[in-house]
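Pulled from Swiss-Prot:
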ACT_SITE  HIS123  active site, proton acceptor
BINDING   24-44, 105-108, 197-199, ALA241  NAD(+) binding site
BINDING   TYR69, ARG72  substrate binding site
BINDING   CYS131, CYS134, CYS157, CYS160  Zn(2+) binding site
DOMAIN    1-254  domain 'Deacetylase sirtuin-type'
Amino acid sequence: MDEHSIMQAVAVARGARNIEVFTGAGMSADSGLETYRDPETGVWSKVDPQAMASIDAWARDPEPMWAWYRWRAGQAMKARPNAGHETIAYWEGSHLVDAVHVTTQNIDNLHERAGSTEVTHLHGSLFEFRCSICSKPWRDDGDYPREPVERLAPPTCSLCGNPVRPGVVWFGEALPQEEWAVAERRMREADLVVIVGTSGIVYPAASLPVLAHQRGVPILEITPKETDLSRIATYSWRATAAEGLPALVRRLGV
C-alpha cells in the first residue's frame, strides 16, 4: 500500500473508538507456531485433518489425537506472544479507544498472555477440556510431552468415566453458540475492524467481517498475501502481524 493510502487508513483508525480485531493462524506465525494451510509448512500438510480433527476419528481411537493435542499445547506454551499480540493489548489499554475486542480463530493463548482481556475463541482452546459425553470440564494438569508421541491415553471423566477430549472445534462440529453470539454482536457494534493473519476461507468464521462491511464500517486487513477477505477490505497492508500492527499503532500515536 502506498504512503497516501497508509495515511488514509491511519486517519480512519484514529477516529475509531470501538475496535474489533479478527485474527487467524498468521497472527501467531511470528511466534513460531505453524499456520494450517501453507502447502509446505502448514499443519495440514503434515497430518491428515480427518485423522486428527474429526469426531469420527476420536470415536474410533482417541489416543493418537490426545497425544497430538497435548504435544501441540506444549508447543503453544513454549511460544511467546509476538509484537503483534503485544500491540493489540497495548492498544486496548490506551486512552484513545473505548474498547479493543479480539475475535480469534486460533486455539493458542497468546492473545491472553500478551495482556488482552477481551478475547473470544471461535474454535475453542488447546487449554480447555471437557468430557466427550457429559461435557463436564476437566482441569489441565499442565503435563505436556516434550517430544511428539504416537499415543497417549486420555484421562477419564470423574462423573461418568468417559474420555476427556480437547476443547477445540473439530471439522463438522458447530461453533460454540455463546462465543459466536458475542463475535456477531461485536462485529455489529464495531466502528473499525482490523483483520490480521487469516486466509478467510474457513466458514462460518470468515463470514463475520462481512457483517461490518455491510454496515459500511472501515476494514483494515494486515496480512502478507491477498486473501479471500481482501475484496471487502477498505485498506490492505501486505505485512505480517508483528510488522503491521506495531506500525499502525505507532502511527496512531498511541
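Cβ coordinates come from backbone N, Cα and C, glycine included.
Sequence features, as recorded in Swiss-Prot, placed on the structure.
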residue	record	Cβ within 10 Å
GLY24	NAD(+) binding site	29
SER28	NAD(+) binding site	27
TYR69	substrate binding site	22
ARG72	substrate binding site	21
ASP108	NAD(+) binding site	25
HIS123	active site, proton acceptor	19
CYS131	Zn(2+) binding site	20
CYS134	Zn(2+) binding site	11
CYS160	Zn(2+) binding site	12
ALA241	NAD(+) binding site	26
Calculate the distance in Å between the alpha carbons (Cα) of ASP108 (NAD(+) binding site) and ARG72 (substrate binding site), and round it to a whole number.
9
According to DSSP, which of helix, strand or coil covers CYS131 (Zn(2+) binding site)?
strand
Under a three-state DSSP reduction, the secondary structure at CYS157 (Zn(2+) binding site) is coil
Using a 10 Å radius on the Cβ of CYS157 (Zn(2+) binding site), the other Cβ atoms enclosed count 21
Whose Cβ lies within 8 Å of the mean position of the Cβ atoms of CYS131, CYS134, CYS157, CYS160, the Zn(2+) site, other than those residues?
SER132, ILE133, SER135, LYS136, SER158, LEU159, GLY161, ASN162, VAL164
GLY32 (NAD(+) binding site) has its Cβ surrounded, within 10 angstroms, by a count of other Cβ atoms equal to 12
From the binding-site residues GLY24, SER28, GLY32, TYR69, ALA241, pick the residue whose C-alpha lies nearest to the C-alpha of CYS131 (Zn(2+) binding site).
TYR69
